[in-house]
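Read the structure below first, then the notes.
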Amino acid sequence: MLHDAAANGNKNFLLANSREAQILNGRNVGQCDSDPCLQAPCTHGICTMVDSFSYKCDCFGSYTGLNCDSKSKKIRDLLRGDDSRPYNEVVWSGGITSANGKEGKVFELPRFTGRSYIQYKLTQEVDYNLTLDIVFRTDQADGVLFFGCQSSNSLVSGDYILLSIEDRVPVVRLDLGSGTNTLRLQEKVVMKDWNMISLRRSGKQISLALNMEPAMNITYSGEMMYLNVDSYVTLGAIPHTLEHTKGFLHSPGLRGVIQRVSINGDDILDFFHSTHGQYRVKKYHGPPCHPNPCGRGTICIPLLNTYKCDLI
Ligand SMILES: [Ca+2]
């Protein structure tokens, strides 16, 4: 990992951490283990190494700042419990005491078993612009992650958006009113490990990316450009009342866990308290926040395989 190294023809002068080494000349030379992302600098986002010395953070939801550590008021309120609910009713799945005797708080994560789903009321308009990030793990090659539709009388009666995994490949199906368009990635999700899918839509432009790989884009082919969906969306499966329409029977529900969802800058962290409705959703007990590594007065925020202990 030597970038633009000028080593005067003698690589021995570039031994990392060697007191004896004499660096005669160099430029942008980093140690082989100097990936700046190893320090997990992005508090609420995904780190991508630019080079040995620099990184960039893609922030979740409404977090901002170089290290995604500036919280929107909404998230601050949620973490503090000011979110119009009494403090002790908010998140608290309880102080989960970890093996080392520390006691911090956690947001409990939903585990889906194939037919289970959880519903959220949208707080943002998604008709023209949609920014969706989902961190999840799956135990099967197929499963629904996100679904929104226009429904009436237990039928999908109009537009819909469906993000799912099909044979390990992320696929988005979108009907804005002129028929279904499909965008299918080539990259495959890593089974039984955390993955992140990023979906962006602006009018007819749709892009999809997996695990920060380059995005794939399509332009919706019909005349319509607005996504008209009900005021709530579903995670984990298509509700069984709707699955008989539009061929959705071929879209099995997720068997896995959703760790993080943000929709147009609105971060869903507190899954079990934000719900509009749910069906057979279990609670996930596993890493990275269980057993809870965070101490008293902090909350464990999972971030793929790592975590941050945030002050409450
Ligand atoms: Ca429409």
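Along the chain as shown, residues are numbered 1 onward.
Using N, Cα and C of the backbone, Cβ positions are placed for all residues, glycine too.
Per TrEMBL, the features are as follows:
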type     : residues    : note
DOMAIN   : 33-69       : domain 'EGF-like'
DISULFID : Cys37-Cys47 : disulfide bond
DISULFID : Cys59-Cys68 : disulfide bond
DOMAIN   : 107-289     : domain 'Laminin G'
Sort the residues of the domain 'EGF-like' (33-69) into helix, strand and coil with DSSP and give the three counts. 4 helix, 14 strand, 19 coil
Here the Cα-Cα span from Cys68 (disulfide bond) to Cys37 (disulfide bond), rounded to a whole number of angstrom, reaches 13
Around Cys47 (disulfide bond), how many other C-beta atoms are within 10 angstroms of its C-beta? 23
Calculate the distance in Å between the alpha carbons (Cα) of Cys59 (disulfide bond) and Cys47 (disulfide bond), and round it to a whole number. 9
Write out the long-range same-chain contacts of Cys37 (disulfide bond), meaning residues 6 or more apart in sequence whose Cβ is under 8 Å from its Cβ. Cys47, Thr48, Met49, Tyr55
State the count of C-beta atoms found within 10 angstroms of the C-beta of Cys68 (disulfide bond), not counting that atom itself. 22
Excluding its own, the Cβ atoms lying within 10 Å of the Cβ of Cys59 (disulfide bond) add up to 22
